[in-house]
C-alpha cells in the first residue's frame, strides 16, 4: 500500500486513476461465441460449456424436481438468513414504486407517467469460488416487484453438471421463472439471441468475468440493454479521529478479498487513526482464507492523510467510489456534500457487508468512476416510465397557438397542421 | 403505403420490423474524428467544421453580447410561445422529483435514496433544415431542474458562422451555461474529450444524423453515458369508429414529414375510417412544403385493419412505438393494456405535436423498439440516485447474524469479519 500525507490537489488526478481495462483482445472471441450460438443454439451452448467450463450438461434447463431436491440441501440457518435479507430488500425496493401523479400543465392538458415492467429480463450469476446467491436476491427481488413476466436466470454448473444449491434456493424464492445451467459469454449470447431452450430477453443484469462483461456490452448491438457498464469493485473509507481502526481495517479487507483488482482507498484526517488502521490490517489479514487476493489488492491501495472531512469528500467526489463509508462523527452534516458515489454507509456500525447482503439496499452499483453518471440497480432498472397525456378540445384551444408558432418556426408545417385542423372544427361538433 | 386487412398473427413479426441501420461503414470516420480532436483540440474542430459544415468559425464560444444581439431577432410571439412551453415542461418535470423516504428495513437499520445531479452534461442540437430549439427546452429544462452545474450546448453554425436565434434564445432562457458553435461528430468528440474551449462532460444528450448517433455510441468507450440509443422517429395511431380521419391523417403526416425514414403505422378497427384517413392524407399532403419527404415515408408505411382495439394494442406492444396515439372512445379502459411505448396520446384532441412542443412531456423518446427496455428522457436522466444507510450498533446486532451466515456461505470471510469484529465490541464501549 502507498501512504500519502497531505497530497497537493494537483496530485489528486493521479490518485483517482483506475486501472485501464483491456477489452480489444477478447472481442473476437465474443463475436465468435455469439455467431455460434446464433447458428447452432443449444448445441453451441453445450459445446461451449464443455470447452470453457469443463461441464457436461445433458439438459440446460432445470426441472422443478431438481430444484426442490437441491434446495433441501440448503441449511435451515441459511434459508432463514436469505428470507430475512429478501424481506429487507423487498421493503426497500417496494418504496421505490412511483405513484401516478396527474399534472395539469395548462388548463385541461393533463400529463402523467406510469411505470411498466420490462417484460423479459435475464440475470447472470457467476459460479466459481464465490457462489453469489446474494446477487440473485438483488436482481430477482426488484424484477419480481416490478412485475417482469419472464425472469430468466443463467448460472454455470460445476464439473458434475450441478448448480449451487443456495443459488437455486434464492432463485425459486424470488420468482425466477426459468433457471438454466449455462455460464460465461455463451449464457449472455443465449439470453440475447434466444435458443431452443433459453428465451431471448430485453435487458440483461449481473456480474461476471471479463468475457461476461464484454458479452454484455456486445449484446447491446442487438438492441438488448444492460444494467450498467462494469469494472472492479471499490471502496473509499473516510475516517476522522472518532473512527475505529479495527472496523476500518475490516471494511477495507472485505473489499480487498474480492480480487486482486479490487480498489481500496482509505482517507483519514488523523495520522494516528491512519497508522493504527494499517497495523490492524496487518493483523487481520493473517486470519483470512483469501489473504493472497486481499494482499495483492492492498499493494495497489492508497492511504491518504488529508486536513478535513470536507477535503476528503471533495476527493471522494472526484474519485466517485462504488462504496463510500463515512466513519466520521456528525456524518449527517456531510451528506449534502456527497455528489458522486454508488452507495454510502454512515457511521461506525454501517459496514459495507450490511449493504452487500441484507440491509435492503442494492449491491449492484456503478464502479470505475461511473457513479458520476450512473445509478445503482433499483426498481427503476426493471421498469420503463411511459408518459401519457390527455388534452381536451378546450385544452388544445388553450395550448394550440403556442404549438402552431413553434412548429412554424421549426419549419414543420404538418406538425402545425395537426393542431390547426383540430382548432378549425366547430366548437359544438360532436366527435 | 401498404394496406393489410386482418393480417394473421404469424404475419405480425414481419410488420413490426424496423429498417436495418447501417453502422459499420462510418465507424472509421468517427474514430478518426475522435483521434483528431484528442490530438489537436480546438484546431481540429475548426478544420472539421470547415470540411463538413463549410463553416468558417473564428471563435467556437459565443459571447454574452452575441447571444443578446441574436436573441433580439426572435419575434415576441415566438418568445412568448417558448416561455409557455418552458413553463409546462418545467411543471411536468418538477413533478418527477423524488422525495427522500427513509425506510427502516430492520429495527435501527435505516435506508434511503437521494438524487444528485450529473454535474456536467452536454446537449447536442442539430442545425440543418429544422432548427430544433424545442429540443433545447426538452433537455436544458430538466438539466437545470436537476441542478446540473455545467450545461454545455453545441450546435453547428451556418455558413456565415452564425447560430440559429431561437436556439440561442432557448439556451439562455433555460440555463445553458456554455454555448458553442460546432456540430457533427466533432462536437460529440469535443464534449467527450474536452478541448481548450469546450469542457468534457459526463453525459451527452440530443438527436443528430447518423454521424452524431455513431459518435455518441463511440463516446461511451470513454466512460461518457448517453441519453439512449437512437433510430428514426415513429408513430403508431390506433383509431376506432369514433376517430376523426382528418385528425388521424394530420398526425400521420406530422410524423412522416420528419424524414424519408420516419416510421408510420395506422391501425383501425373500422374499414371506413381507414379508407377515409387514406383519402385525407392524399388531400392534406398536397399542401405541405415537405411533401416529398412525407411521401417517401408514407410509401413504406403500414395501414392495418384489425378486429378490436385490444388486438391493436397487442400489435402496438409488439412494435413498441415511440409515439402511440389512441384515437378511440373510452381510452381510459385501454391504458392498463399498454406495455411498450415511449409516450401515449389519448383521445381525439391529444395530437403528437402537443407533446413535441408544449404540453410538458418530453419529446426525447425511445425509438426502434427500444420502448421495450428504455424510458424517454425525464428528470431521472439528469440525476444519479445514491443509496444511503445508517445502522446503529443495535441495528447491526439485529441484522448481524444474517450477514455473517450469508457471507460465510459465499466464502467471503472478510465480509463476515466486518460484522463479527463490531459485534464483539462490548455493548457499553464508547466509540
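Quick reminder: no glycine exception, Cβ is built from N, Cα and C everywhere.
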TrEMBL annotation, substrate site containing B:255, B:258, B:323, B:356, B:410, B:415 - matching residue among B:233, B:301, B:378, B:381: B:233
Which listed residue (B:186, B:233) has most other Cβ within 10 Å, given these are binding-site residues: B:186
Neighbouring recorded positions, C-alpha within 10 angstroms of residue B:233 (substrate binding site) - of B:124, B:186, B:209, B:323: B:323
The one of B:258, B:323, B:415 whose CB sees the fewest other CB atoms within 10 Å, among these recorded positions: B:258
Three-state secondary structure, which DSSP defines for residue B:356 (substrate binding site): helix
CB contacts for residue B:410 (substrate binding site) [other CB atoms within 10 A, all chains]: 21
Beyond the site residues B:124, B:186, B:209: chain residues whose C-beta lies within 8 Å of the centroid, for NAD(+): B:126, B:154, B:156, B:183, B:184, B:185, B:187, B:188, B:208, B:211, B:212, B:215
Integer Cα-Cα distance in angstrom, residue B:415 (substrate binding site) to residue B:124 (NAD(+) binding site): 45
